[in-house]
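**Q** Below is a structure I'd like to ask you about.
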Protein chains: 2
Amino acid sequence: MTATTYNPGKGEGSPVGVAILGLGTVGAEVLRLLGERAGDFERRVGGPVEVRAVAVRDKSKPRPGVDPDLLTDDAFSLVEREDIDVIVEVIGGIDYPRRVVLAALKAGKSVVTANKALVAACGAELSDAAESTGADLFFEAAVAAAIPVVGPLRRSLAGDQVNKVVGIVNGTTNFILDAMDATGADYDDMLAEATRLGYAEADPTADVEGHDAASKAAILSGLAFHTRVTADDVHCEGITGITAEDIAAAKAADCTIKLLATCERVKGEDGTEGISARVYPALIPRRHPLATVRESFNAVFVEADAAGRLMFYGRGAGGNPTASAVLGDLVAAGRNKVFGGRAPGDSTYANLPILDFGEVTTRYHIDLHVDDRVGVLADIARTFADEGISLRTVRQEGANPGARLVIITHSAKEDTLRGCIDALTDLDAVLSINSVIRIEGMDV
Amino acid sequence: MTATTYNPGKGEGSPVGVAILGLGTVGAEVLRLLGERAGDFERRVGGPVEVRAVAVRDKSKPRPGVDPDLLTDDAFSLVEREDIDVIVEVIGGIDYPRRVVLAALKAGKSVVTANKALVAACGAELSDAAESTGADLFFEAAVAAAIPVVGPLRRSLAGDQVNKVVGIVNGTTNFILDAMDATGADYDDMLAEATRLGYAEADPTADVEGHDAASKAAILSGLAFHTRVTADDVHCEGITGITAEDIAAAKAADCTIKLLATCERVKGEDGTEGISARVYPALIPRRHPLATVRESFNAVFVEADAAGRLMFYGRGAGGNPTASAVLGDLVAAGRNKVFGGRAPGDSTYANLPILDFGEVTTRYHIDLHVDDRVGVLADIARTFADEGISLRTVRQEGANPGARLVIITHSAKEDTLRGCIDALTDLDAVLSINSVIRIEGMDV
């Protein structure tokens, strides 16, 4: 959190000129609220907040209620304008907003963005640009919309050591998994339901494959551990392979399945610290606070040395909640333009190594289809023992033909587990491995 | 959130001199962590954070691990020292810390305090003093310890309109009520249990009578509604009158009883806005997120126009969590000393009127002992109807002699309800009014 340059401020009562890039759901809501609550914003910022331009792709599209004189299709021209102090980027995508935001920061404009993909992919480059001119770069809306997460990690917990962040940070997948849990239905049906209700986009890939959550995991890890983490550093698995049988097996273990973004500080065998950032569907016990997060809600669970366990909960998406987070950042950016000073910037001093995913330790829920004959369980238990993995519970059910074994292990490394799965596959008695799902949160 | 003066900053790498007032549990933890994590603090603040003095009442008391040269019993002398930039006040009480903190702020020292009573009672005076010199006044630890609440209300939600804040902000009373709910035991027994386990102080008055929660309600209301609210503005009732029968009746209504600090924006009949801040034990439905807050945990539920419903959850007391919040504030105060700028200060521009408690509208759970004869229910229902209060449910149970009536009303004003209770008392058929408890959160 260093800042070599800072803006001394324009002085109390000075207007703050704002340009909005993008006039989709969020941009339109930001524009509306800035107009309707102009008095509040002026008092909270210390000077009037004036929207001076709105960049859109197609100027000719009718936009009721929007002053046409504000519209431009040349976002880059805004970056040069003296009368614009803060740029709000709510376009989405990476390449185009990256170029505009970089140009804006280099021109000394503070930037508020809701773009998690951009921040996760290009955080270093953007921070360097902000650093070079003393501009602020804010992105509270990029993780869990209006749920304050970026601010608490960056500021409220700045005096603590964060050890773990576990979040349900994608509403689409939580809606689908919650609906599967509630109804017993299969993935495809609940994805269709989510699409019908507007919780899933026409192309749901970024959500259901975990990419959206991985961007957020990268941002959360970076903030929590003062280390540079990009989306590429995050091990990512989606929920498309989760079946109704998996959900039922989770229930039988008094668990539910959630897509978790897990960011963890890990101490290696040699005492050195590293971090792990990963996204995958996992079983969590129903008594865990994250298990109670229903529908499309989001929640972020934080464990810190002194603060202990905290949870932040709310709506993690949608035009209004995202606008709320953007506007909170805009007030902070505006205040700094008026009164001087800078928000804490990028903090990557700890520079902890990012662990190979194979080194990550969790528990596992393994669902096997096996021959139903004497000695099979002994063979399988021996295979786990040979790999050094202890079993916590084994549950056997009749199947036809054969039997079903549901095994919950104690903690083991991913690499070890993979070796064990290979060995199990080689056993004649193992007819198939139905699923291997990780378990989180059993210590809460 | 205005700031007429601000500190231009000492420049990156400059040390930040800190004095700690009070070396109890929190002060000792702050001192320890500043020592153990000096490297982290230096990187996060932008310069080394150096504890240069610790003020204690009794210098002669042995304090293992504390450099005796740091100790002084003259807190006022620290205020004058050029080498001290930030003062951490963790003494408690009002009169003495008020005088020291005022002197510090007037001398341009930034202050971090964990003292809710001080902030709730003297917030205006302290803010004015901070304003006069451009110093920062931080108090995240004053409400719910390490759970970020002050920061989110002041910063993250600065672009939104907060309509309601409902908090479980006192761990002692939540422990007692949760234990009563879990065991069916009576208040006195569970207070004794809380005392035995260290959750209640030897003199539990401030907790069980609701005064501690009322201070926090004042602070939360002020932040949420940009209005000056002191503890005296908060209607306050404690939990000492809650009986095992009340808890059992709440269970029968699928509710639990919590001591709630409720801060609400209310629109009057003439369209004018006002606010209500109140603390009392209330029934909340078991499905409400606050109902799941167990033991001594705290949680704060926020409803804002754009953000929707948010909840913040964690440990709301204790040396470590409080130290975490204090240190987060200290990093912010230190950064501003190094890099310049000020945190958002007091914001009271909205200056909304504080509603008389009689104007507050809630639902009520009323437990009556009545004669068991034909026509009694009709008489009682008529009494409610005459006062304009609609009934939601009436449950009748045998009692000996007579009968027990448990009534849940629809929303009514406190004044109206009081009139109704008086009228019920006058009915011959009403033998006694066992309890009247408010109900919150039925709309969630």
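Every residue, even glycine, has its Cβ placed from backbone N, Cα and C.
Grabbed the feature section from TrEMBL, which reads as follows:
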- B:LYS216: active site, proton donor (ACT_SITE)
- B:LEU21, B:GLY22, B:LEU23, B:GLY24, B:THR25, B:VAL26, B:GLY27, B:ALA28: NADP(+) binding site (BINDING)
- B:LYS116: NADPH binding site (BINDING)
- B:GLU201: L-homoserine binding site (BINDING)
- B:365-438: domain 'ACT' (DOMAIN)
**Q** Any idea what the Cα distance is from B:GLY27 (NADP(+) binding site) over to the residue listed as 'active site, proton donor', rounded to a whole Å?
**A** 21
**Q** Between B:LEU21 (NADP(+) binding site) and B:LYS116 (NADPH binding site), what C-alpha distance do you get in Å?
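**A** That comes out at 15 Å between the alpha carbons.
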**Q** Which chain-mates of B:LEU23 (NADP(+) binding site) that are at least 6 residues away have a CB under 8 A from its CB, listed by sequence?
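**A** The list for B:LEU23 (NADP(+) binding site) reads B:LEU31, B:VAL54, B:VAL56, B:ARG63, B:VAL66, given in order along the sequence.
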**Q** Within 10 Å of each Cβ, count the other Cβ atoms and name the one among the recorded positions B:LYS116, B:LYS216 with the highest count.
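**A** In terms of Cβ crowding, the pick is B:LYS216.
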**Q** Give the distance between the Cα atoms of B:THR25 (NADP(+) binding site) and B:GLU201 (L-homoserine binding site), rounded to the nearest whole Å.
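**A** Checking the Cα atoms of B:THR25 (NADP(+) binding site) and B:GLU201 (L-homoserine binding site) gives a distance of 14 Å.
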**Q** Using the CB centroid of B:LEU21, B:GLY22, B:LEU23, B:GLY24, B:THR25, B:VAL26, B:GLY27, B:ALA28 as the NADP(+) site centre, which other residues of the same chain sit with their CB within 8 A?
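**A** For the NADP(+) site the neighbour list reads B:ILE20, B:GLU29, B:VAL30, B:LEU31, B:VAL90, B:ILE91.
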**Q** Can you tell me the three-state DSSP label for B:LEU21 (NADP(+) binding site)?
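**A** Where B:LEU21 (NADP(+) binding site) sits, the three-state DSSP reduction gives strand.
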**Q** Mean pLDDT over the domain 'ACT' (B:365-438): what is the value?
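**A** That stretch averages a pLDDT of 94.
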**Q** Under DSSP, the domain 'ACT' (B:365-438) has how many residues in helix, strand and coil?
**A** 24 helix, 32 strand, 18 coil
**Q** Where does B:GLU201 (L-homoserine binding site) sit in the DSSP three-state scheme?
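**A** Its secondary structure by DSSP: coil.
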**Q** If one looks at the chain holding B:VAL26 (NADP(+) binding site), which residues at least 6 apart in sequence have a CB under 8 angstroms from its CB?
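**A** B:VAL26 (NADP(+) binding site) has long-range Cβ partners B:VAL90, B:ALA114, B:ALA141, B:GLY319, B:THR322, B:ALA323, B:VAL326.
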